[in-house]
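Take a look at the structure below.
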Amino acid sequence: MRFILRHLHSLGVINKFDSFLLHFHTKSLKSNHTLKQYLESGEPIKALLDFRHRFRQSPSFVDSFSVLFAIKVSSAQKASSLDGRQIHALVRKLGFNAVIQIQTSLVGFYSSVGDVDYARQVFDETPEKQNIVLWTAMISAYTENENSVEAIELFKRMEAEKIELDGVIVTVALSACADLGAVQMGEEIYSRSIKRKRRLAMDLTLRNSLLNMYVKSGETEKARKLFDESMRKDVTTYTSMIFGYALNGQAQESLELFKKMKTIDQSQDTVITPNDVTFIGVLMACSHSGLVEEGKRHFKSMIMDYNLKPREAHFGCMVDLFCRSGHLKDAHEFINQMPIKPNTVIWRTLLGACSLHGNVELGEEVQRRIFELDRDHVGDYVALSNIYASKGMWDEKSKMRDRVRKRRMPGKSWIELGSIINEFVSGPDNNDEQLMMGEISEVLRCLVSCMTSFDCVIGKKM
């Protein structure tokens, strides 16, 4: 580059070259500023249209910043994966696939639309992979799209390649372990991380992630030990522990900790104010212990004392509180008085209670409300089928069971053995497995036939 500039200078055209660069730079800045204004003013569609127009009119004025803005715009307007692939193709065409910020943004975009395969393609084609932000984006993409096994595998590869860790990437890895219930693996990751980088041991966010992993995995004793050992605590620390107790059937411990949270923490000389997430844990604890009046009091306190606006989760907890206590009428009235439109989760909570208490009339009404939102959930048919069965309405039950058989999908679960995550499927989910199941059944049939021919008594020793 220096040789070219010297040559231009010797020819006396360097001033013209400077003018061209200045013109090019000014045009790009104006274009990028316009895109930024559209994005900040909440008009992502206009920004994307403007970007496409400018590219068609004068492709040379599109720089890496323009492309970066276009990706952000696509993410902001929840664009389709096709839009992302078009920008992805442009990135390749312009040779920007070595720009980490662009590649990281593309990974984030594909993750937001659930297209993890394309996100991985972007990751793999990035020539320089020493940037921790890129690894974090890809591992987060797997975790956010319910592919925690791949997230852990990629984290292990990152460790093997000696990429410098930070608190964020370890937090994401612990989140993946929490999703899988892989406590041992999470503990190993945390231990290795603080050995490689000692200051991570003082990272409160990271310790909160470890606490959250214990909580999600039902390890409340380990969670409480970590909680008590933490010199510093914030609202997330308390909220995670309150949630942990509530989720694992220790409602009284959850409510006691909530009371302690609101008193002065002598070690920090501060009062930790609960947030909206904290109240979800508190309401869950009230629900699981049948404390209807206390739950109603906390729900009111959240609004009046802490000026917090209830979200769907809070309304859902209140409906669950009424339903668990058998107050179906109160639950129904509460739903009808909600300031927001109730979602299927809230209606299904009431439907489950109708099934438990055999309330056919209310159950049928609730199912109609659910079908207005979603007709494909198998559990809705099962719940109503159980209601019919409890009342001896066998014809209606039979119709519901027929619908269930047509819609049922196999479930999945995971188990940690050593340092390996194993996946199990409740039924065959592809043709190969169906063939294998058929072969196993045939072999079993032959064995039974042979045993019978030799006068063996199945299930007894000879």
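All positions are counted from 1 along the displayed chain.
Keep in mind that glycine also has a Cβ here, set from the backbone N, Cα and C atoms.
Annotation source Swiss-Prot lists repeat 'PPR 1' at 63-98. The average per-residue pLDDT of the prediction over the repeat 'PPR 1' (63-98) is 72, rounded to a whole number.
Annotation source Swiss-Prot lists repeat 'PPR 2' at 99-129.
Secondary structure counts, DSSP: the repeat 'PPR 3' (131-165) has 26 helix, 0 strand, 9 coil. Summarising the annotation, Swiss-Prot assigns repeat 'PPR 3' to 131-165.
Distant neighbours of the repeat 'PPR 4' (166-200): 132, 135-136, 139-140, 142-143, 146, 148-149, 151-152, 155, 158-159, 206, 209-210, 212-214, 216-219, 222, 414, 416, 419, 421; these residues of the same chain sit at least 6 beyond its ends, with a Cβ under 8 Å from one of its Cβ atoms. Residues annotated as repeat 'PPR 4' in Swiss-Prot: 166-200.
Annotation source Swiss-Prot lists repeat 'PPR 5' at 203-233. Secondary structure of the repeat 'PPR 5' (203-233) per DSSP (helix as H, G, I; strand as E, B; remaining residues coil): 23 helix, 0 strand, 8 coil.
The annotation repeat 'PPR 6' is assigned in Swiss-Prot to 234-268. Shown for the repeat 'PPR 6' (234-268): DSSP residue counts in helix, strand and coil, namely 24 helix, 1 strand, 10 coil.
Under the heading repeat 'PPR 7', Swiss-Prot lists 275-310.
Non-local neighbours of the repeat 'PPR 8' (311-341) in the same chain are 276, 279-280, 283-284, 286-288, 290, 292, 295-296, 299, 302, 347, 349-350, 352-354, 357, 359, 362, 366; each lies 6+ residues outside the stretch with a CB under 8 Å from one of its CB atoms. Annotation comment: Swiss-Prot describes 311-341 as repeat 'PPR 8'.
Per Swiss-Prot, region 'Type E motif' is recorded for 346-418.
Annotation source Swiss-Prot lists region 'Type E(+) motif' at 419-452.
Taking Cβ pairs closer than 8 Å, the repeat 'PPR 6' (234-268) reaches residues 204-205, 207-208, 211-212, 214-216, 218, 220, 223-224, 227, 274-275, 277-278, 280-282, 284-286, 288-289, 291, 294 in its own chain, all 6 or more past its ends.
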